[in-house]
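As written in Swiss-Prot, here are the features:
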type     : residues  : note
COMPBIAS : 723-744   : compositional bias 'Basic and acidic residues'
DISULFID : C113-C124 : disulfide bond
DISULFID : C142-C151 : disulfide bond
DISULFID : C269-C379 : disulfide bond
DISULFID : C293-C339 : disulfide bond
DISULFID : C497-C514 : disulfide bond
DISULFID : C506-C523 : disulfide bond
DISULFID : C579-C623 : disulfide bond
DOMAIN   : 36-494    : domain 'Sema'
DOMAIN   : 496-547   : domain 'PSI'
DOMAIN   : 572-630   : domain 'Ig-like C2-type'
SIGNAL   : 1-32      : signal peptide
TOPO_DOM : 33-682    : topological domain 'Extracellular'
TRANSMEM : 683-703   : transmembrane segment
Amino acid sequence: MALPSLGQDSWSLLRVFFFQLFLLPSLPPASGTGGQGPMPRVKYHAGDGHRALSFFQQKGLRDFDTLLLSDDGNTLYVGAREAVLALNIQNPGIPRLKNMIPWPASERKKTECAFKKKSNETQCFNFIRVLVSYNATHLYACGTFAFSPACTFIELQDSLLLPILIDKVMDGKGQSPFDPVHKHTAVLVDGMLYSGTMNNFLGSEPILMRTLGSQPVLKTDIFLRWLHADASFVAAIPSTQVVYFFFEETASEFDFFEELYISRVAQVCKNDVGGEKLLQKKWTTFLKAQLLCAQPGQLPFNIIRHAVLLPADSPSVSRIYAVFTSQWQVGGTRSSAVCAFSLTDIERVFKGKYKELNKETSRWTTYRGSEVSPRPGSCSMGPSSDKALTFMKDHFLMDEHVVGTPLLVKSGVEYTRLAVESARGLDGSSHVVMYLGTSTGSLHKAVVPQDSSAYLVEEIQLSPDSEPVRNLQLAPAQGAVFAGFSGGIWRVPRANCSVYESCVDCVLARDPHCAWDPESRLCSLLSGSTKPWKQDMERGNPEWVCTRGPMARSPRRQSPPQLIKEVLTVPNSILELPCPHLSALASYHWSHGRAKISEASATVYNGSLLLLPQDGVGGLYQCVATENGYSYPVVSYWVDSQDQPLALDPELAGVPRERVQVPLTRVGGGASMAAQRSYWPHFLIVTVLLAIVLLGVLTLLLASPLGALRARGKVQGCGMLPPREKAPLSRDQHLQPSKDHRTSASDVDADNNHLGAEVA
């Protein structure tokens, strides 16, 4: 960044002096975490050309909230406001619209919605909330339908959407929310739809419901209060015998001075058919337990935002990854966390003890009575007795909570959505890769090494308006992540390997999708070939892979420059040598020749080195980055003069050279004028101004003690006698004898003014 232009007189040097004296010490450090959790190594701002992105939008459409990937991975189905779209995502770049079918709310429903005091500009529409693949020929969709939920089947023909028939639209109550702002979830399992949403217009009746298929329709019982009235559902994940629902609600088992929100996981059995006499058309296998995501000794992250399942070869080792925030703000900022929960731990908790409500004390305690058979939530095939169902009605809350493993904790950010995949490195090890959408429209790519905490590879600002990410859909076959926003859909390639221009930078990135190809000398997407590519996911140290091996390893070794940029000095000017900060995790310093430039003596502005041409300033200047214990030159300059050229160091003879122009700032006249000019006036002016500054500082320091002394004097003067009257008011009045006046503390107001009240 170029400096402001300086004048042609002695004031030029004064401005340089004050620039160094006042501005440079106030600049923020180049890097550092500041206790906010892991920092993204690379950050891309909105519109940055170094990160290839593509954006799909359709005129007249808003709220691209619901995303569904086809079975072959080539089509992305999108549920927007009053429309369903089919996008072709086979080719890189902007997704291509295959076709679109409208599904607006009827005019009658919109009129009724407005009559109920809802906005006909933002609320009384059909927001698509459920979009699942029913079979090879049909999709199943549900929407808010102007606060009157509706569902329908959408026929497919060669992945194209056929128009919706009005007579095929069904009641969607219990499957889609009434209000578009209410959270919801739905999953299709074995032809049956399991949904969690709000079941009434007011949004005060949460429900878990099963519809479609051959099994009877089942739902939770609102009168038994299995769910709190403010329950908010975020995910539904099927397992072998059960379906898990993830949600948050106000806790009823804790006595707290304020409402405490708790994240939960609930289960229902797939083979549940309801009760015969008790709990007819109701779940008989409903259980719920608390989810705990917290660091030791810290407040828990108690509000769940999203959850996904990462399948494994064995279901017993599969894990659920969930995003949490906290209802408390520590340090005035929001925080987020990602925790992993084992399916084995969830199953163990649901096989443990129950809690029961003591009706006398209205407190939840551990149930210590005898077990009933069949055990509630056991998914037994036989019918349950009335005794077992009666027990189940009151014992639906588990005593133990499911403890998650914190993988990523970061303050100053609110994660809203999550997508997870497993990536295999060159060494064959598997690494969890998480894509995290934020409330400000950015996307974080995080990697979880084996038995370690996550680190952030990059941060990409998608939305220029900082609006939240509404949905994420991973498309592994296309190597991309799709992010839904109110105005459209962003396509984000899941890796950006080409931005790493050297083996050092490629290895330090520790991106499992990228590796260095020594033949093409490019950082490229990792393929299934067995080429001798370079990658170090475990250590991320270029000394092990970018050199000939561990024998060449040296703890103080610095790699040679790959390119030297030649710069010619100009008399009477300030030379600015820029240093691009490729990594936010590195620390940077400048060196001149083989010596490190002291930070105290160097003039560095925003990472750039400022040089005033004079004798001895020529030669090799390098901006050196140190990351993960490894130092490497980010940029190298050979500063030379036209009048007195320097000979290049023989060790740098084989390094390519390039003549470049760098920013210059004029500070004086010609060379001959500068040589004849005396700097005595400059010294006097600087000395006088510095004395004025010091005098002002001393005045400020002395002002506070003097003010305190004056205030003390006013307080001490409050006890003085008031002046006597010089003459009586009338002839009948006589002078009263003098009394000893004493003033109480209450006789002095906040401004040390005497109130005139006397105390005998």
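Each residue, glycine too, has its Cβ placed from N, Cα and C.
Predicted, not measured: the structure shown is a model, and the values here were computed from it.
Locations of recorded Swiss-Prot features on the structure.
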residue : record         : contacts (Cβ under 8 Å, 6+ apart)
C113    : disulfide bond : A105, N120, Q123, C124, A146, F147, S148
C142    : disulfide bond : I128, R129, V130, P149, A150, C151, T152, G172, Q175, S176, A186
C293    : disulfide bond : S263, P300, F301, N302, I304, A322, F324, A337, C339, G404, P406
C506    : disulfide bond : C497, Y500, C514, A515, W516, C523, K534, Q535
C579    : disulfide bond : Y588, W590, G607, S608, L609, C623, V634, V635
Check each residue in the chain of C269 (disulfide bond) that is at least six apart in sequence and keep those whose C-beta is under 8 Å from its C-beta; list them in sequence order. Q241, V242, T285, G377, C379
Using a 10 Å cut-off on Cβ-Cβ distances across all protein chains shown, tell me which of the disulfide-bonded residues (C339, C379) has the largest neighbour count. C339
Counting every protein chain shown, other Cβ atoms within 10 Å of the Cβ of C523 (disulfide bond) number 26
Just name the most isolated of the disulfide-bonded residues C151, C497, C623, going by other Cβ atoms within 10 Å of its Cβ. C497
What is the number of residues in the domain 'PSI' (496-547) that are helix, strand and coil, as DSSP sees it? 14 helix, 9 strand, 29 coil
Taken over the domain 'Ig-like C2-type' (572-630), the model's mean pLDDT: 82
